[in-house]
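Here is what Swiss-Prot records for this protein:
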BINDING   K9, F57, R85, T91, R102, N112  ATP binding site
ACT_SITE  H115  active site, pros-phosphohistidine intermediate
Amino acid sequence: MERTFLMIKPDAVQRNLIGEVISRIERKGLKLVGGKLMQVPMELAETHYGEHQGKPFYNDLISFITSAPVFAMVVEGEDAVNVSRHIIGSTNPSEASPGSIRGDLGLTVGRNIIHGSDSLDSAEREINLWFNENEITSYASPRDAWLYE
């Protein structure tokens, strides 16, 4: 089973959308196997978004992601990276499809509700960055047979 990293950003946490976002992810067949509400330390934010260092939006991005709590999570399922990217929608909410998380709930590019790993390599790196091994669990669910057999 594939795993990916998702992070509900401060704008969604402040708007009380954690439950709505998780519900959409679970209804699509992905299983939450790790999750935590946390204030992002500056060092973690800088490491996570290191690829954007030097870009014009970098400082604002770091400031935003550390401004209020996020809900970091690991989800598991068949083709989890691609399925989650489809549910999330385009980075710019005004270009995201209706029915996607960003299309329905996002406000601007800078306030777009959720981050999701864009590849298996990114997912592995981000999961290892945000979670310790003991914070992620595996469990059988009766619905697995309905989804994957």
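For all residues, glycine too, the Cβ spot is worked out from N, Cα and C.
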Taking the residues the record says bind ATP (K9, F57, R85, T91, R102, N112), how far apart in Å are the two Cα atoms that sit farthest from each other?
-> 22
Tell me which residues of the chain lie with their Cβ under 8 angstroms from that of K9 (ATP binding site), as long as they are six or more apart in sequence?
-> F64, I65, V70, R111, N112, I113, I114, H115
Top of the binding-site residues F57, R85 by count of other CB atoms within 10 A is R85
Simplified DSSP label at R102 (ATP binding site) comes out helix
If H, G and I count as helix, E and B as strand, and all else as coil, what does DSSP give for K9 (ATP binding site)?
-> coil
In three-state DSSP terms, the residue listed as 'active site, pros-phosphohistidine intermediate' is classed as strand
Which one of these recorded positions has the most other Cβ atoms within 10 Å of its own Cβ: R102, H115?
-> R102
Under 8 Å Cβ-Cβ from T91 (ATP binding site), six or more apart in the same chain: what's there?
-> R102, V109, N112
Relative to the Cβ position of N112 (ATP binding site), how many further Cβ atoms are located within 10 Å?
-> 23
